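S.K.: Please read through the structure below; I'll follow up with questions.
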Amino acid sequence: MKQKIDMNKAVPFISLGVILIVFAILTGGNMFSPFNLRTLLDQTVILLVLCSGAIFVVALGCCDLSVGVVSGMCAVVSDIVFMVTGNVFLMVITAIGIGIGFGALNGVINAKFKVPSFMETLALLIGLRGIINFIQSKVGVTHAGDAILMLQKQYIKIPLLILILAVSWFLLERTSFGRNARAVGENEILAKYVGKPVDRVKIFCFMLSGLTAAIAGFFIIARSGGTSTTMGTMYEMKTLIAIYVGGVLVRGGSTASAYKMIIGCFVFMIIENGLKIMGFGSSEISELVEGILLMVILFITIHAENRTVKIKKKTTAILIE
């Protein structure tokens, strides 16, 4: 019985294994070449950083569609600050301040004014994208400084990524804050009734999402070598899909877990990378195949969760009798 109840925990690992086997066969083993593995890890870093903060918002049963554009805004503005002042510390503080500021704004609007997270973050996405386009039209394409380009060095990038993931895991899995976030996702009314600081938890979760978006902005600059109007484009969708594919349901709550988020990121990037190796690139066919595969994985995850809920109900009924 216990093995069946824990089936949902196994699904993300099974999905990762199946995807690896499928693309290993379809790519003739090229998926596991040393060069491609390094490329895959490099492509996954930005997504992992974004998801490490966005997972807290998803745990609430909310979504943050602004992570991509916030990372782009942080990248563009902080790069201009560095060009003008040449001060790395000021550049970092500027980016982090912008990220946390927009995160706090999202949190306050959602918690205090009860605006659905989808609507408010979508509005921010549209508004900030327009501001980025305006700034870039005046400044033009800029080039990253040497301090930012250092983030492309493996001995800096990987330890920093591990640190970010470790902090995210600890906050979500080992602190009362993480438990409160998931409690809000399970039942916000009940959480408020038993004395959980619901509004404060929501605001802080969105602030964490903004913080990691700011950090991801530096990685985006380092990888692209400079800023442009497309900074952070589509990362909001990649972030949400990666988290959901990992086995975290849209309702968040107890399904939100750090290991699911990490697995989901790799599953998503393996699909994207594998299709490129097969020659599909970023064409319409690639997007179609990607969408179908992701829908299949989501269906399996939701089906497993529904089975788990039914088994738990039966177990509870037996114990009561």
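Cβ coordinates come from backbone N, Cα and C, glycine included.
Automatic, uncurated: that is what TrEMBL annotation is.
Copying in the features that TrEMBL gives for the protein in this structure:
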- 12-33: transmembrane segment (TRANSMEM)
- 45-68: transmembrane segment (TRANSMEM)
- 80-105: transmembrane segment (TRANSMEM)
- 117-135: transmembrane segment (TRANSMEM)
- 155-172: transmembrane segment (TRANSMEM)
- 203-222: transmembrane segment (TRANSMEM)
- 288-304: transmembrane segment (TRANSMEM)
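Mind mapping these onto the model and telling me what they sit next to?
M.R.: Beyond the transmembrane segment (45-68), the same-chain residues lying 6 or more positions past its ends with a Cβ under 8 Å from any Cβ of the stretch are 102, 106, 110, 117-118, 121-122, 124-125, 128, 157, 161, 164-165, 167-168, 171-172, 178, 181-182, 184-185, 188, 201-202, 204-206, 208-213, 215-216, 219-220, 223, 232-240, 242-244, 248, 250-253, 256, 258, 261-262, 264-265, 268-269.
Outside the transmembrane segment (117-135), and at least 6 residues removed from its termini, the chain residues within Cβ reach (under 8 Å) are 57, 60, 62-66, 68-70, 72-73, 76-77, 80, 102, 105-106, 109-110, 229, 231, 236.
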